Amino acid sequence: MLFSLRRLKKLANLEAFSDQKVIDSLINLGFEVDQITKLNEISGIKFGQILEIRKNPEADNLWICKVQFADKIREIQTAAKNVIENKQVLAFIPGSKSGNTTFLAKKLRGHISEGMLISAVELGFNKHLLNSELDQGVLVFDPIFDLESNPLKVLELDDLILDIKLLWNRPDGNSYLVLANELAAFFKTDFSLINKEISGKFYSELKIINKTDSKIFALEIQKLPKLALVDIFLLLKSEVKIGNLAQNFSNFILIYTGQPSYCLQLEKHQQKVELIEQKVKIKYEPDTISSYHFLNQEKKPLLIPEFSDQIIMENNSFFLIMPKFNLLKVKQIKQFLKKNSLKLTQLGKNYNYGTTFIALSFLNFFLEDQKIDFSWPINFDKSLISKKTFLDLNYNELKEILGLELSQEDISKTNLILEKIGYNFDNTSFSPPFYRVDIEFFADYAADFLRFYGLEKLKDCKLEQVKSKIPNPDLEPVKLKTLGYYETNSFLLISKEEDFNPLELKSQDLLTFPSQEHTKIRYSLAWQLAKITKYNQKRKITEINLYEKGSIAGWNHSLALASTIYTSEDLKKHLKILYNYDFDFLPADSEFLNPEKSQFIYLDNVLVGWLGQVAEKYNYENVNFLEILLSKVEKIPKKEGGKIKFRPYDNSQLKYRDITLSLPMKDIPDPYLKVIQKIPEIFSVKLINYVIINNQQKITYRITGPDQVCAEIDKFYK
């Protein structure tokens, strides 16, 4: 978003500080100042008041304006047809500059012109953003300015425009008030959004019947405010197109507070508005899309946000509608319209009720200043922002995260600054600012703490000297590639409806998320591999071996395998190749898994994974999975093996015995195999046959080894 540095400094009471210092502080606060642009290169311009207008008799399209300035009366010629007597103008007078051009008195068609009247374009504004009133000639306005005053200061024209890139999880930052609040806290000046109140002069009788999943708040206002010229210029600096009074007012609220809004007017007998979703069609477009419609009591549309605005009568009361629409619906509308307006972009962000509260408290101040009456908020109550989430404080963890030695005084001073932007602290916990959606974990608080403690202080932190150690090479990717697996990468986030969670991990619904398909942290990597496998099967790829290693819910690190080629027994062997642990496999009792083909994996009686196939309801037949929680496995120490002993070479031929296990359908062979595998010097145990007879599993294994192995097996059977 584009911000006026002059307005930010004015709001935050930073006129005593240099432009560069304020810009540097924004960067230190973590805001990316992508570009700095000077609005114009003009100097020496003056306010003037037109006393008289007459035509230049020697020119077809020139008018001679007698203009009163603070020091004298001057005659200035212009071709603009919108000049009016007794109105004020801006003018370059002799000695004024625009870039490398210095203005002088000059003779035009037989008459001296002592300067030039100024248009909006000559002030540095984009011609395509001007409405017809601003673009019809020179700037003409009511005589409200002191002719002695400096237009560059009064109209904030000596300005730098900052292109500030905000993180996607800081929608509140698209607001002059929020940025000014953080600057004031940083510089310790007198400005705060906190502890503001909302009120009203009367109670509105409007009832909003909301038949959608969106939230709608409103304010009844007795008269449409007209923005001051300096605020119109502020909209232009933000690259907002100037429209009618209602559009300008709504856009001004947007850039000041971050709250999108629409103006709605009702006839006097109307006291009810209905919000529905309904198909809408654009002229010359074949497709339709479902969008929001505000209907009157006769079910006729009054307002279709982003499709058609209502014409607002200037001196009649109206309603300022402040929505929080469904984010997915906004995204669809944005794609359909191929439109990227500031309002539509903000509607697609996950701002919270705190942003609405900031808008309401600002409107209280703004409308009172304009002497316009307004109602108490409709549908909004301060309790919406008073429900606070508290997180535990741990200052030792804070020091560890930041890598800084912090004194109690450092912590107390910085927390006092953080209170100015809305933090609340007690001895053991804190709550984040009411308008922030990005503070979910203690580490988020630590990041804010560092912003206001001072990033530059990280320079004083000396790195400790540590002894270097060459790490052991990670052979897992090599082993997996050798076994025929291909690596995949999937989204960390899944939709709220996806509940595949065989290991019963705890996830967390995020307050901010990129889309409705990605709202919480995944429970299982195997689930992601299942979706990738099905996608490839649709592409007629039948032989699939995939693996992924990554994070899942509960701060766990996981490895998952998926195969349409290997059996579950093969996957067990691969697990042994990857991690030389003595795993136990027990029948899996889970609604998410196929009970006849799945097992839980244990290590030292700790559940560390699962193996087999997912439940039939998911329709992933003939795909075998293995998922292991590496974060749990790594916490369990490996049992040290005994000393290696060498024996004389035995060149006798290996022999084998075939044994068959007869097991119930839900039983697994692993406990029985463990007994057999305790026989010393077994060379191999191989599955050679598996059949089901009379609802019994008949599983045949071939055990290969020297004579003493076969003797032990024979003795075991006897």
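The backbone N, Cα and C atoms fix where each Cβ goes, glycine too.
Annotation source Swiss-Prot lists Mg(2+) binding site at Asp438, Asp444, Asp448. A helical conformation is recorded for Asp448 (Mg(2+) binding site) in the three-state DSSP classification. Listed in sequence order, Leu418, Tyr423, Ile439 are the same-chain residues six or more apart from Asp448 (Mg(2+) binding site) with CB atoms under 8 A from its CB.
Residues or ranges marked as domain 'tRNA-binding' in Swiss-Prot (evidence: sequence analysis): 39-153. Across the domain 'tRNA-binding' (39-153), the DSSP tally of helix, strand and coil residues reads 9 helix, 43 strand, 63 coil.
The domain 'B5' feature in Swiss-Prot is assigned to 386-460; the stated evidence is sequence analysis.
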Cβ neighbour count within 10 Å of Asp444 (Mg(2+) binding site): 15
Neighbours of Asp438, Asp444, Asp448 excl. site residues, C-beta within 8 Å of centre, Mg(2+): Pro432, Arg436, Ile439, Glu440, Tyr445, Ala447
Collapsed DSSP category at Asp438 (Mg(2+) binding site): coil
